[in-house]
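Taken from Swiss-Prot as is:
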- GLY79, ASN110: anthranilate 1 binding site (BINDING)
- GLY79, 82-83, THR87, 89-92, 107-115, ALA119: 5-phospho-alpha-D-ribose 1-diphosphate binding site (BINDING)
- SER91, GLU225: Mg(2+) 1 binding site (BINDING)
- ARG165: anthranilate 2 binding site (BINDING)
- ASP224, GLU225: Mg(2+) 2 binding site (BINDING)
Amino acid sequence: MIKQAIEKVVNHENLTFEESEAVLDEIMNGEAYEVQTASLLTALTAKNPTIDEIAGAAASMRSHALAFPETKDVLEIVGTGGDHANTFNISTTSAIVVAATGTQVAKHGNRAASSKSGAADVLEALGLDINETPAVSYESLQENNLAFLFAQEYHKSMKYVAPVRKQLGFRTIFNILGPLANPAHPTHQLLGVYDETLLEPLANVLKKLGVTNAMVVHGRDGLDEMTTADETAVVELQDDHLTKYTVTPEQFGLKRRQRADLVGGTPEANANITRRILAGDHGPQRDIVLLNAGAALHVAHPDLSIQAGIDLAAKTIDDGKAFEELNRLLAFSDKRKDVVA
């Protein structure tokens with residue numbers, strides 16, 4: 001299959017959803033030579049992958065992932081990474097705030113690739129066990145409204161792709177597949193992307209993968225987040241319909257900040273930023289978390305406007321519930337460590 005797929009893509013022909021899924025199955029099963037995988041990834045990058053090619057590849061990644069118990073109405077807050085902005089962990093902090101409102105969040109993430117601190121790094125620095133089994137993570141989702149799914153634990157088949165990606169050294173389709181391959185199969189998703197041209201294609205991919213409500217966002221300062229340093233371009237998926245619009249921090253009563261105000265550091269430094277935000281500190285870092293948490297709450301509860309989501313996120317922090325959520329997660333993690341020990 002992979003030989004035919006390479007030939008098609010080299011000739012600038014598009015693969016169908018089924019063909020893309022099948023060829024990724026071949027790669028994920030270790031049946032393709034590295035040179036074939038490299039050829040396919042290079043050709044896809046040169047051609048630009050289509051919605052069907054991305055969705056088919058994501059479906060294959062999902063099917064090869066470690067199984068996660070079935071969920072209903074679960075939210076994911078995630079970015080593609082690759083913006084090289086070295087911000088603190090905005091999505092992860094926002095996920096904790098959203099979980100504290102009673103909204104279930106299945107956070108799928110990894111260690112840092114293009115930054116100093118990925119979701120796994122900062123959660124580990126906060127004191128959480130990032131290597132929990134699917135059963136334990138599901139239990140956390142039910143008890144604490146938040147589960148972390150460590151990508152490298154769930155996607156063992158990526159071992160067939162990792163060396164090729166490293167040797168190629170440029171962005172490939174896999175740079176956008178991670179956020180689309182959450183084993184919890186979220187129905188609602190706030191997805192940040194590193195390039196504005198990805199907004200509409202990835203919104204359509206999410207739709208194809210069964211996501212019912214989503215916002216795909218790109219900060220025009222380059223962030224793969226909703227940003228307070230510039231406008232944010234948005235494509236929203238709701239009721240099978242896509243809407244494009246732009247938002248500014250000012251329209252939500254937030255100050256426009258400098259991107260330098262949002263820069264983080266090591267996992268330990270970022271963990272301290274997260275703790276301070278959850279504890280109620282005000283400033284630029286809180287504001288961008290409020291914006292992203294507010295957008296995520298709108299995605300999870302479409303009747304709630306982004307502004308109402310921001311207000312709820314602020315109240316959740318100011319009432320101490322967000323910090324309580326972190327403490328619950330830590331207590332749960334410690335309890336499970338004791339059980340294992």
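Our numbering is plain: 1 for the first residue shown, then up by one each step along the chain.
A Cβ is built for glycine as well, from the same backbone N, Cα and C atoms used for every other residue.
If you check the binding-site residues GLY79, SER91, HIS108, ASN110, ARG111, ARG165 against GLU225 (Mg(2+) 1 binding site), the ones with a Cα inside 10 Å of its Cα are GLY79, SER91. Of the candidate binding-site residues, GLY79, ASN110, ARG165, ASP224, the one lying closest to SER91 (5-phospho-alpha-D-ribose 1-diphosphate binding site) when CA atoms are compared is GLY79.
A coil conformation is recorded for ASP224 (Mg(2+) 2 binding site) in the three-state DSSP classification, outside any helix or strand. ARG165 (anthranilate 2 binding site) falls within a helical segment according to DSSP.
Candidates THR87, ARG111, ARG165, ASP224 (binding-site residues) were compared with GLY79 (anthranilate 1 binding site); those inside 10 Å Cα-Cα are ASP224.
Ranked by CA distance from ARG165 (anthranilate 2 binding site), the binding-site residues HIS108, ASN110, ASP224 have ASN110 at the top as the closest. Note on GLY79 (anthranilate 1 binding site): other Cβ atoms within 10 Å of its Cβ, all shown chains, come to 24.
Annotation for ARG111 (5-phospho-alpha-D-ribose 1-diphosphate binding site): spatial neighbours GLY118, ALA120, ASP121, GLN152, criterion Cβ-Cβ under 8 Å with sequence separation of six or more.
A Cα-Cα distance of 10 Å separates ASP224 (Mg(2+) 2 binding site) from THR87 (5-phospho-alpha-D-ribose 1-diphosphate binding site). Between THR87 (5-phospho-alpha-D-ribose 1-diphosphate binding site) and ASN110 (anthranilate 1 binding site), the C-alpha separation comes to 16 Å.
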